[in-house]
């Protein structure tokens, strides 16, 4: 494994104690009418979460507070402390005076006792202590976190036994003789709404019952597949209870349309819950409500469960590590041109492009320069489910049936009708203080204002959802939004996903630029995130391509065999099934990641098959093998199980269906209700296709074992930072202060 540390800038922590004040006055005339009820407001405009205040003290001209506050400061900014003395009143609080103090005067680790004069007679006494932040709440590294490394070791021992069990009748030379020979296997599920979720449920049943699931180290999902993974891994009886039983629960849940949850009494409950989130200072969009709908449909008894709580399913290596994904996108830029992949696991959330990760409980909190300045509760799993599948909140008009369109139009065609600025907006000017009015109003007046604001916001949300759907044409209603956890960081350079970039042979220019669907695809993927934007937008990863390959192509994970299942929509059942895989290949090559050559002409030579195998070129020791399953009804029409023909009219009728060709197909990407027959057909089809190719999977596992044996240092990365050609994002600022030693 490599030990690559991504450079980041240090910050200062200011500890400020408001000690006391002397001779607080409202002026000669004001003092005759009333004795002040003073409190102090503090502000450092150059830092987030910059407004803080003491309690007020009644009728005291010499108040003593002794209250301590903290600010995270950028030492390269001209930071100025603004101190405002206030008088609390029943209606509107009164400003008594303001003083400023330049924080550049402070020296690290030296306490300063500061006296500020306000007016002619009033003094405010402060204690200021400046510290260097010795650690941050973000982890800056390309390596896997310690928890995942420990998981991999524990899981490897279990996988070794499981592979021996799966291949028990094989020649011993095909079995791993040591943990080093155990291949790392990843299972992938694509997006595709409930079609992907139901199809993946059949896949997982087959993999679980055949023993292949126990041989996998990772399960990665995107959009609809993440919904199934969320339901499976959050189930209290999983993994002791397998997908076979759990899928019956899923069938019952999807037999009712989740839109029935849009009854006024439910919506009112959702929106009021979201007001609490908004009033605490977190951004709220329609993705939050969509996540509630998906959660109430799939995990109704587990709405409070968190991503981090899924660690209990994997800590002993008893199940593959689940990986989920979304995209960070920019305003006014197509997701196909620019997108940063965000990965989620029960251990960490982050972006490998920047080597920046955090614990799941911190995602959504306010950060500055790598440190949390305001922490919120961990988001519930259903919120993340809404983010991971947010294409459907973006296209909710279509889901509702509000927009008239042809049933054959694809999600891509629908999204082309929506300009990027309607999905996301520029948040650089967002007012982070929108819910923090500080001391300008009395407590009673503030409470009344909050009640009116809540009522107004709830009414607007209800009207938008139940009425004219204006919510869907504004940036507020489109994409998920969270506080920017990279706010204030210094992106001088970034490390490529691949530690071999710039050292191995360069991909040919022709391979670099060949378009799969659009000449502009991935054109701007080397650009950096905007570290000045206070919030970032996070959307469905399927908006760039519909397979979560970036998660498991990280060289640190050392994946040998990828078993991917693509449930993406195609124009017809007979259409070539490689579009998403070709996009994944192009993305990998642009990031210098090992990826087998995808020969799309295999479709012309061999026709439509249940799965295709793509192997690395001879001598390529670090490239994974890919088994790519597609959504196709071929042998299932005639066989109810591998080798078992259909022998009754009822059986034959059950297996005789198309997925994309039928005009009234229940398998539309936008269908959120599956009757039992539609569910069983798709579920059983993908279970059959998987079981029908178990021998293909076994052969690939054997090949991976032999490759590991022949290349014991496979995927071992020991390159130093100086050996890697960094991609320059921004010119280095020579004025950046060096961290003191």
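Cβ coordinates are placed from backbone N, Cα and C, and glycine is handled just like the others.
Per Swiss-Prot, the range carrying the annotation region 'Disordered' out of 310-357, 358-405, 406-453 is 406-453.
Local packing around the binding-site residues 35, 59 was summarised as the count of other Cβ atoms within 10 Å of each Cβ; on this measure the leading residue is 35. Shown in sequence order, 36, 58, 60, 87 are the same-chain residues outside 34, 35, 37, 59 whose Cβ sits within 8 Å of the Cβ centre of the Ca(2+) 1 site. Between the binding-site residues 34, 37, 37 has the most other Cβ atoms inside 10 Å of its own Cβ, all protein chains included. Applying DSSP to the domain 'C2' (1-116) sorts its residues as follows: 9 helix, 54 strand, 53 coil.
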